[in-house]
Amino acid sequence: MSDHPLLGAGNHDSSHYGTSDRSTNSLVLPEYDEQNRQMVEKRLLRKLDLRVAFLVLIYIMSCMDRTNAAAARLRGFEEDLGMTGNQFNTVMSIFYVGYLLTQTPSNMFLDRMTRPSLYLSSCMAIWGAITVFIGVAQTYHAILILRFMLGFVEAAFFPGAIFLLSRWYKRNELGFRTALLACGSSISNAFSALIASGILASLDGTLGFTGWRWLFFVEGALTIVVAVSAIWVLPDFPSSPSVWLLADEQTLAQRRMEEDVAAGNEHKGTPVAGWSGLVEALTDWKVWWLGAALILMDASLSFRIFFPTLSATMGYNSTVTLLLCAPPWILGTATSFLVARHSDATGDRFWHTAGPLFVAIVGFMIAISTMNAAVRYLSLFFMAQAPVAHIVSLTWVMNTFSQSRSKRAAAIALINAMSSLGYIGSSYFWPSRWGPSYVNSYIMCILTSTMSIVMFWMFRGHLSRCNDAAEAEEQALGLPKGFRYLL
C-alpha cells in the first residue's frame, strides 16, 4: 500500500452526515436525521462509553493477573517454589512469549466474528481459571507452564479491545478512549498493590495456604465473575444487532465509521477477502518500524513489572512496600487522562509520546544518583508517567492504519505483539544481583527510551513529508482537502 495519503485514505473531517468530500455515491440521510444527528450521536457515545468503562475493568483484572507474581515475590513465592538465580525473571518473561504468539491470529479471527463479546469473555474466564491453578502449583516448572498459558490466553484481550474501539469510535475520538482503556494498567498497578497487601496480610495461613497462594485464588475467582458478567455487557460490532441501541443509534454507529474512512478507500463498500489485510500489514514497512519503536519503548517500561521490587529497595516491610506502590500510579493514571485528552484536542501524537518518556528518563537518572529513600520514592512518581506514551503511540497506530478495517486489525495485533518482545528481553534487566541500586537496570531503560524517541521522531518526519506531498498534489489538481496523517 502506498505511503501517499491520497492513495487509499479517507477524510475524517467530513462535516455532513452521510457525505464526504470526494465520494459521490455515499448515502444521504433524510433531513430529519440530519437535524437530529447531534442528539443521537451524543446518546450513542454515552452508551458506548459506559460499556468501554467495563472494558477498563476487564483490563484491570488482566493486568492484576499477569503482575501479581511480583507482589507474591515479597511473601515467599520464590522460596516456596525453590527458585534461584534468574528463574523469577524467567517466570515473568515467559508470560510474554505466550502473549506474543496469539495476538495476531486472535485479532484476525476477531475481525470475522459477529459476537466479539462472547469470544473475549470466554478468554477472560479461561485466564481466570489459569490464575487459580497458579495458586496450587508446587514446582517452578509448573509455574512456567501456567504463566505461558496465561499469556497465550490473555493475548486475545488487549489488541482485541483496541480493535473493538476502532470499530466504534472515529479517529479524533480514539485517543481518549484508548487512554481510558489502557489506564486500566496504571489503575491495576495502584490498586492491585493495595489488594495484595490486604490479602497477603490477612489470609496468610488460612485453610493451610500461604498468603501468596490466596492472592492467586482470590484474583482468579474475581476474574471469572467479571468474565461471566462481560458476556452481556461488552459491545459487539456496529454491524451486529444490538439490543442496547435504538435503530437510529445503530444506523448512525455504522455511518460514522463509513464517514471516517469514506473518501478514496480502496476497501470501501467491499469486504476484505481472506487474509489480505494481514498480507498488507506484513508488507507495509511502517508496521515493522512502529513495532521496533514499541519494542524499545516497552523494554524501557519493564520497571512496571518489578515495581514492588523497586519499592522494596527503600527498606520497608512487605505491607508498607505494597502500599507505597499505589500513589505513583494514581498520579500516573490522572496525568494519562490529561495527556491523552490534550493529544486528541491538538491532533499531536509525537510530542505526547516523547514527553512522558523524557519525564521517565528524569526519574531513571534520579534513581541512579542516590540511595536516599525519599528521593528514590520521588523517582518512582516520574517513572509512573511513562506508560501514557504507550497509550498515545497505540492511538497513533490506529490513526495511521485507519483506511482498511482488516489491515488495521492485523497492524494493531502485529505491532502490539512485536512490542511484547521488549518485555521478554527486558525482564532480565532486573536481576537480583544488580539490586538494590539497580543502576545498570536504569541505564538500560534510559538507552531504550532514547532509541524509541528517535525512531518515533524519524517516523513523524516521514508522515509529515507524505502530508506535504498530498497537499501539493491537491493544490495542483484542484482537489478538496483529503486524508492527513496525524503527527
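The backbone N, Cα and C atoms fix where each Cβ goes, glycine too.
Automatic, uncurated: that is what TrEMBL annotation is.
Residue ranges 78-102, 178-202 are listed, and TrEMBL annotates 178-202 among them as transmembrane segment. According to TrEMBL, the feature transmembrane segment maps to residues 409-429, out of the candidate ranges 241-261, 409-429. The list of residues near the transmembrane segment (287-307) in space but at least 6 beyond its ends in sequence, with Cβ under 8 angstroms from a Cβ of it, reads 67, 70, 92, 185, 189, 193, 281, 325, 329, 357, 360, 380, 383, 386-387, 389-390, 393, 396-397, 400-401, 411, 414-416, 418-423, 425-427, 429-430, 441, 444-446, 448-449, 451-452, 455-456, 459. Within its own chain, the transmembrane segment (351-371) is flanked in space by residues 297, 300-301, 310, 313, 339-340, 342-343, 378-383, 385-389, 392-393, 396, 436-439, 442-443, 445-446, 449-450, 452-453, 456-457, which lie at least six positions past its ends and keep a Cβ under 8 Å from the stretch.
Stretch with the largest number of CB pairs closer than 8 A to the transmembrane segment (377-397), among 117-137, 319-339, 409-429: 319-339. Model confidence over the domain 'Major facilitator superfamily (MFS) profile' (51-464) is summarised by a mean pLDDT of 87. Long-range Cβ contacts of the transmembrane segment (409-429) within its own chain (Cβ-Cβ under 8 Å, at least 6 residues beyond either end) map to 86, 89-90, 92-93, 96-97, 99-101, 103-104, 106-108, 110-111, 155, 158-159, 162-163, 166, 277-278, 280-282, 284, 287-288, 290-292, 294-302, 305, 390, 394, 397-398, 401, 440-441, 444-445, 448. Remote same-chain partners of the transmembrane segment (143-166), defined as residues 6 or more beyond its termini with a Cβ less than 8 Å from a stretch Cβ, comprise 52, 55, 58-59, 62, 65-66, 69, 81, 90-92, 94-103, 106-107, 110-111, 116, 119-120, 123-124, 126-127, 130-131, 133-134, 137, 174, 177-178, 181, 235, 237, 394, 398, 402, 408-409, 412-413, 416-417.
For the transmembrane segment (117-137), the residues of the chain that approach it from at least six positions outside its boundaries are 58, 61-62, 65, 68-69, 81, 109-110, 143, 146-147, 149-150, 153-154, 156-157, 160-161, 164, 209, 213-217, 219-224, 226-228, 230-236, judged by C-beta separation under 8 angstroms.
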